[in-house]
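**Q** Mind looking over this structure? Questions follow.
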């Protein structure tokens, strides 16, 4: 699945439990009282109330109704408390219920609002950096605002002496992020609530925009482009060219962002008459240590995702803010070679309210490895204080970064993305807290020279602690405020995996298929640690533990597998993320699937589903799979299963394989696709659905180009016309991709 918020690959509550007054007795009692009040009972009945046969049962009835009412009120109060718990735990800190952004700006004196639409935290992180920079460089009163926390129609009254900045990620097939869906639909709807009220209703709004996307995907930065167009259509004034971060290009999103923000500040300074001042670090969070509080105290978060988990409760609805601790019921290494392992894992969701459909994704929350947690804490001189309890308070209304009170160790293990890519801007900020002038000079150069930074940091795939450990091996960075680390590192995010099981066949069990990442970085010295996937190595360690190894060391990593307060016990925090990557509703339609490597995961589920449909007597269309890997003897995923499905489906199922390293010339799935051009063209004429899962940068693009050539050749039309056919297939949902870069 394309995740264009530049976060981990294949990510508020999905919904809040609704109370229905009346069903719990509150409405029923109110109705009776209203009837009595209106005098709908005849006088003789009122007289009869004083007879024992009527009075006693009536008293019992009223007492019972009052009890039901009280129960309903308590239930409603408890639901409200649970919702507030989950909102607070995920970081929402309310300073009131005012959803009018203009009113809030007047109350706080805000002059620059940075709105964000974020799926995995990257857009939110960039928004926070912009707001902070506006404060430190220009003394602006700024606000970071989640677009779902405010009512969009109030933008018509946006102050003319203020500026709005929108940082919006594109997610999936050109879709807005979960928190920006309503905002996006409101603004791009030609019949928005304010569009007909006046001509150019947003004429007082001055704005700038930055989008996060990946040019290897079909709908590159579609969200920011459409919102930009809509704002301009409604009369808003764009201050500078819209920036577009490209995670699939030669540069990084951060470099695109750094280039764009300079033009932003020039425009903002000009229109608002600002003068730049010497930037000084001003914390966005107040970190307070609680020296008298023990880490074992029941109210201290030691890695729990929310208050329900802290209390040891599992209660739905389960989602991004409230994952389900799913038991791992099966874990296998489907292949193991020198440089790679591939896991097949199954999770039991039968005791939860979670449900999935074939083609959806499973979000898995990882934890950081012991060695990285210790490295991080030692680099910042926090190792001896790792069990110290602290709390965080945001300087303004907004989302707290993670649950507190907590400890430094819990923050490093469960809440902070300490193994993620390093930001050049963060290095520039942290330079002022260097342990020596020499280290400060080295960090300043890295922070301000993008080519040098790429060579020494990005190109080496170093995380923050690894970099600082290299720059200052003997002196810790003890002067760095923890608030600066909270600001510079995003929250540890779930990773998303294509589900490799069919919900028709395994309703209460979800399986995933994942290659464990552990590789030497190209060009890095041999002494440099291997680059290791955060989540897959954690899952491999869990698999080793289930096999009976007391201290599993896959690729040299160990983990606190029992989780906070030993609550995990071979369980993993997960939730289901819906996808539009689905089989056609009509099972008789043919499907063509291209999935090399672990890209075959959703197609295992698809073939499983079609085999089960056939067993149930349904008419099943042709099911064609193109699978590729290195060698048949090395990494041929689910080889025996394909034979079983062939036996069940007969000639309705065909498998074409491409083993890239078995012959003198490399053969990939797109080559097999071209070799079977007649079959592909025939199935497309019968309305076949076309699916691609895997690498976006090369494979998916090559497959698309191959399909264009097949259509052009077999239909005898120009390549440009064939491209239009493929584009039409994409737009109609006949061509679907679940890809990553």
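Each residue, glycine too, has its Cβ placed from N, Cα and C.
Nobody curates TrEMBL annotations by hand; they come from automatic prediction.
Residues annotated as FMN binding site in TrEMBL: 169-172, 212-221, 247. Annotation source TrEMBL lists NADP(+) binding site at 340, 598, 660, 661, 666, 667, 668, 669, 670, 702. Per TrEMBL, the feature FAD binding site maps to 495, 496, 497, 498, 513, 514, 515, 533, 534, 535, 536, 740. The feature domain 'Flavodoxin-like' is assigned by TrEMBL to 112-265. The annotation domain 'FAD-binding FR-type' is assigned in TrEMBL to 321-571. Taken from TrEMBL, the feature transmembrane segment covers 49-70.
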**Q** What is the separation, in Å, between the Cα atoms of residue 670 (NADP(+) binding site) and residue 212 (FMN binding site)?
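**A** Approximately 29 Å lies between the Cα of residue 670 (NADP(+) binding site) and that of residue 212 (FMN binding site).
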**Q** Using C-alpha atoms only, work out the spacing between residue 534 (FAD binding site) and residue 340 (NADP(+) binding site) and round it to an integer in Å.
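**A** Here the two Cα atoms are 15 Å apart.
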**Q** Measuring Cα to Cα, how many Å separate residue 212 (FMN binding site) from residue 495 (FAD binding site)?
**A** 18
**Q** When you rank 171, 495, 513, 515 by Cα distance to residue 666 (NADP(+) binding site), which of the binding-site residues ends up on top as the closest?
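**A** So, of the listed binding-site residues, the one sitting closest to residue 666 (NADP(+) binding site) is 515.
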**Q** Around residue 515 (FAD binding site), how many other CB atoms lie within 10 A of its CB?
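**A** Step by step: centre on the Cβ of residue 515 (FAD binding site), count other Cβ atoms within 10 Å, giving 17.
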**Q** Within 10 Å of each Cβ, count the other Cβ atoms, then let me know which of the binding-site residues 340, 495, 666 comes out lowest.
**A** 666
**Q** Determine the most Cβ-crowded residue among the binding-site residues 218, 247, using a 10 Å radius around each Cβ and all protein chains in the structure.
**A** 247
**Q** Nearest to residue 495 (FAD binding site) in three-dimensional space, by Cα, is which of the binding-site residues 171, 220, 247, 340, 660?
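**A** Smallest Cα separation from residue 495 (FAD binding site) among 171, 220, 247, 340, 660: 171.
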**Q** If one looks at the chain holding residue 220 (FMN binding site), which residues at least 6 apart in sequence have a CB under 8 angstroms from its CB?
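**A** Set apart from residue 220 (FMN binding site) by at least 6 residues yet with Cβ under 8 Å, we have 170, 213, 214, 244, 246.
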**Q** For residue 212 (FMN binding site), just count the other CB atoms lying within 10 A of its CB, please.
**A** 33
**Q** Work through the binding-site residues one by one (169, 534) and point out the residue whose CB has the fewest other CB atoms within 10 angstroms.
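**A** Looking at the binding-site residues 169, 534, the Cβ with the fewest others within 10 Å is that of 534.
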**Q** Could you check which of the binding-site residues (340, 513, 660, 668) sits closest to residue 216 (FMN binding site), going Cα to Cα?
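**A** Result for residue 216 (FMN binding site): the nearest of the binding-site residues is 668.
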**Q** Show me the subset of 169, 513, 515 whose Cα is within 10 Å of residue 340 (NADP(+) binding site); these are the binding-site residues I mean.
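**A** Candidates kept after distance check: 515.
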**Q** Per DSSP, to which secondary structure element type does residue 536 (FAD binding site) belong, with helix, strand and coil as the options?
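**A** DSSP assigns residue 536 (FAD binding site) to helix.
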**Q** Just going by other Cβ atoms within 10 Å, which of the binding-site residues 171, 668 has the emptiest spot?
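**A** Minimum Cβ neighbour count within 10 Å, taken over the binding-site residues 171, 668, occurs at 668.
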**Q** If we count other C-beta atoms within 10 Å, could you say which of the binding-site residues 214, 216, 513, 670 has the fewest?
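**A** Sparsest of the binding-site residues 214, 216, 513, 670 by Cβ contacts within 10 Å: 216.
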**Q** 536, 660: which of these binding-site residues has the highest Cβ count within 10 Å of its own Cβ?
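**A** Answer by Cβ density within 10 Å: 536.
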